[in-house]
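These features come from TrEMBL:
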type   : residues : note
SIGNAL : 1-20     : signal peptide
DOMAIN : 30-142   : domain 'Plastocyanin-like'
DOMAIN : 156-303  : domain 'Plastocyanin-like'
DOMAIN : 432-543  : domain 'Plastocyanin-like'
Amino acid sequence: GLVTWSVGVLFLSTLLLCSADVHHYEFFVRESNFKKMCNTSTLLVVNNSYPGPEIRVHRGDTVFVNVHNRGKYGFTIHWHGVKQPRNPWFDGPEFITQCPIRPRTNFTYKIILSEEIGTLWWHAHSDWTRGSVHGAIVILPAENETYPFPTPDGEQTIILESWYNGNFKKIIDKALAAGTPPPQPDAYAINGHLGDTYGCPTDTIFRMEVDYEKTYLLRIINAAMNEQQFFTIMNHTLTVVAVDASYVRRFKSDYILISPGQTMDVLVSANRNAGQYYMATRPSSDSDVPPVDFITTGIFQYTNFVGGPNASLITLPAMNNTDAMLNFISRIRNTNVTQNPPINVPADTDINRRVFITLAVNDLPCKNSKCVVSDGFAASLNNVSFVYPHIDVLQAYYSRNIRGVFAENFPFLPPEFYDFTGNLTGVVSAVEVGTRAICVNYGDAVEIVLQSTQMGAGGSHPIHLHGYSFYWVGAGFGNFNGETDPSTYNLVDPPLMNTIDVPGTGWVAIRFFANNPGVWYMHCHFERHTSWGMSTVLIVRNGSTIETSIRPRPSTMPRCHRT
């Protein structure tokens, strides 16, 4: 299986290298003031814009981004969904692959694109700074490629966001110190605009201008902090063509459901009566503690139309409509087009590394002087709540002479089995803290089953794996059964994804070949859960050749305070 995958990707890579280009961007990150909801908030942003600048490239290109920190604290930037072949040094998560870029310094990232196509995004990967430091990565077909659908007449990036009347870092720092959950957002935004539903007369609404009978490609990114989102354009049909920078079998829907971290490419035709139609977004949740149920609006506006928005009501699934959630995600399938890498799912006989991981929200004693509760919030994978070290894991792993930073003993099974999605009366599941990594060998065929539990408020978890796209081969409700559930797997056309939503009362299974050596972060993309420790590190050891080993450590890496 690994040989087949390698031959297919080698052929694709050869085509891309013939026309690959190099791009350079300058990011100046500083605080700026933004007035929304009749309040002024100070946010850390890139190039004075919210959302930040768009990176626009072709498939297979290389990008250099020089990041200048003009703020008051350190941060890093992650290139979400970019695999960075053998290049974990520039992946970006703080204290996983690098230490922060300190104030009044700069650091240049090298972003190596390979088979990704469509839409990805970049965002800060330190505390909650990504709430305001983020932007799109648009990956166009290579010069010798076409779309696997008729070329659209135009395109538009749409970024869905959480808005807080305050500084994102200060919000989470205060909550963690007190041992309390962070507050709910004050609003949701579309491309930085709050729309017309929040009551402030100076708030702006996002407008997309379209021509009659033209077709547009929407590049939709969920950059919200803790909220899955429904999205729709009233009276128009959406056709999903790609998810997480991989083409999927096209399907039509009145709405999409997109989790934090995910990206979707969607076609829409301006084929209705000329007018102004609402686009709208609202959260989706299966948790006992759901997000605030706000609806944020934008305008899909036909050129030269004079008048207000169409008077029809905004129709979106209810926030807790699990049937709408399942109906949408169950239709996502891979497609065997030449623009995708050959489908190469690890077969049952290939799998030599199986990991079963439970996801839970827990509590731990709150011991600092600012605590307002005796037990603060924690979150865990297999009862291990991740602790960020003071030296990045990649540096410690690569150098081999820095001890005590992490342990290579993440449990491949939960410490105890119980009715994970059922009645937890009498269940006491102890959690420990630590920096523990999953370690596999280069070329291993890996299966990971992610099992939600009802610990805490339950609810779904969007899990993101850096450095990889994986095949989503299975999903179900209740507790995973290792004897019977694998027979339900889709091993024919499972979609390639980098972020997968694990249902609150169920499980998902993913498979991939460990063909990208390095240190790769895996975490929940609900920021509150990551802040509480719902994460781990996947270490893929070097292969036997230079081409299957991590690239040498760049001399320009930001220095850690303790080195």
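Glycine is no exception: its Cβ is also placed from the backbone N, Cα and C atoms.
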Overall pLDDT of the domain 'Plastocyanin-like' (30-142), taken as the mean: 98
DSSP-assigned states of the domain 'Plastocyanin-like' (30-142) in counts, ordered helix, strand, coil: 6 helix, 57 strand, 50 coil
DSSP residue counts for the domain 'Plastocyanin-like' (432-543), split into helix, strand and coil: 10 helix, 56 strand, 46 coil
